[in-house]
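Asks: Submitted below is the structure of interest, expressed as structure tokens.
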Amino acid sequence: MTITRPTQARGSHLRRLKCGVSNNDWGKLGKQSIVAQFAVTTSAVEDKALDENKPYAEFWMGAHPSLPSYDLSTGQSLQDVLRDNPHLLSTHVSQRFRTTLPFLFKVLSIREPLCIQAHPDLNLAHDLHARDPLTYPDSNHKPEMIVALTPFEALCGFRPLKEIDHFLSSVPPLRNLISDVTAMEVRSACGSAGDGCDQKSAEIALKRAWSELLTAHPSRVRSCAEDLIRFATSRPSNESLAVEHGNLTDLILQLSEHYPDDVGLFAVLFMNHIRLSPGEALFVRSNELHAYLSGDGIECMASSANVVRAGFSRKTKDVDTLISMLTYEYLPPFVVRTPTPYFRVEMSSQQSTSVLYESPAEEFNIIKTSLAPRFATANFRAFRGPTVLICTQGSGKISVGDHTELIECGHVFFAGAGAEIFIQSSSEESLILFQSFCEIEECSSTL
């Protein structure tokens, strides 16, 4: 079969992208990183230039100016393509988000924990960007979703206040960082917050406890962190560090290998510990406290690089902003254990599947498609907005209209609004694709 590789015509709806790599310290090293593997496949990094001692943390797919993607055929940036051809976004998307891609798609490969962080909502992002554009380069919010490719761990949101109260009373190294008055406020609020009678008192007590933890003197944090590590290795700690779905002893000790004197070790006792199996997902709201700890994943977010940091970070921290921006209530983590079937696609094989990870954010949704080996096909109905897709396993071909390209593991494509995407597998293993897309029928209010 002949595969056409024409020079991109103006406004072409299918474009293969060359994407950039971020080498953050927390990334997996060398070829252990799937980011590095994809980067070699897409020529973002030459195989001979791959450094086995260098971290390859993120693979960026999108138009964000910090690390933009380029049309592989023409060398034009994706942002310039969209500026010159706004119809590729659709009328509604370009009106809502101007002539830019509303989402940023990534692959993450995590060896060390990311910082304890939150992403500002629209109003706060605007203020932070105006105040400090170097630290906060965007005026946009950043709700995000990560789909696990391998077993994945994260911290997300505050625990129920009763669990935090339990740790304050049973873990002396934590108790030594929180004042008697605040600990008593937490205990008192626990008695009424459970039945919803005094939620405001619970929020005030939690904010005070969290603030005292993050603003504790570094020397005191170091001393208490040493005590916490000793406590976690002692036999009595097994019960003291127990929670409903397990025990935090191993997690604290694992994190201490990377950050032995960091306040983030105590944040574990305030935050929900999330474990994802491959194919499960976590959605992180604006202003929601979180930290990714380990694993590989496909991540999508509103197009922004704003991060407000606290623990587990060697970069600039903004503790005061983090304390003031958070919502101090228990919200169950937004975890997707079973995505819903995606029906706007026709499959040739019953062994093929396509599922939707529906995001509360208007900027993006995620689809995972798995095609059975050897000549299984998927024919997607026209998307009403832009889509970016990446192949994470297998090989085959992808077509939009009469434009057909080979697709292999690590290849990334942009397809414009109105594109009917046809995909066919050719390898002896399943062809797996992840794609992010934005569809807006009319201008609507933002999350």
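Cβ atoms here come from the backbone N, Cα and C positions, even for glycine.
If you look up TrEMBL, you'll see 15-161 marked as domain 'Phosphomannose isomerase type I catalytic'. Per TrEMBL, the feature Zn(2+) binding site maps to Q117, H119, E144, H290. What TrEMBL records for 178-271 is domain 'Phosphomannose isomerase type I helical insertion'. The active site feature in TrEMBL is assigned to R309. Look at TrEMBL and you will find 354-402 tagged as domain 'Phosphomannose isomerase type I C-terminal'.
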Asks: Cβ distance under 8 Å to E144 (Zn(2+) binding site), same chain, sequence separation 6 or more: which residues?
Replies: H119, F283, V284, E299, C300, M301, A302
Asks: Write down the Cα-Cα distance for R309 (active site) and Q117 (Zn(2+) binding site), rounded and given in Å.
Replies: 5
Asks: Between H290 (Zn(2+) binding site) and R309 (active site), how far is it from one CA atom to the other, in Å?
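Replies: Between the alpha carbons of H290 (Zn(2+) binding site) and R309 (active site) there are 10 Å.
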Asks: Under 8 Å Cβ to Cβ from the residue listed as 'active site', same chain, six or more residues apart: give me those in sequence order, or none if nothing qualifies.
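Replies: When sequence neighbours closer than 6 are ignored, the residue listed as 'active site' has C115, I116, Q117, K315, T316, K317, D318, L322 within Cβ distance under 8 Å.
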Asks: Quick check on the binding-site residues H119, H290: which one has the highest count of other Cβ atoms within 10 Å of its Cβ?
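Replies: Result of the Cβ crowding comparison: H119.
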Asks: Just counting, how many other CB atoms are there within 10 A of the CB of Q117 (Zn(2+) binding site)?
Replies: 23
Asks: Excluding Q117, H119, E144, H290, please set out which residues of the same chain place their CB within 8 Å of the center of the CB atoms of the Zn(2+) site, keeping sequence order.
Replies: A118, K142, V284, E288, V307
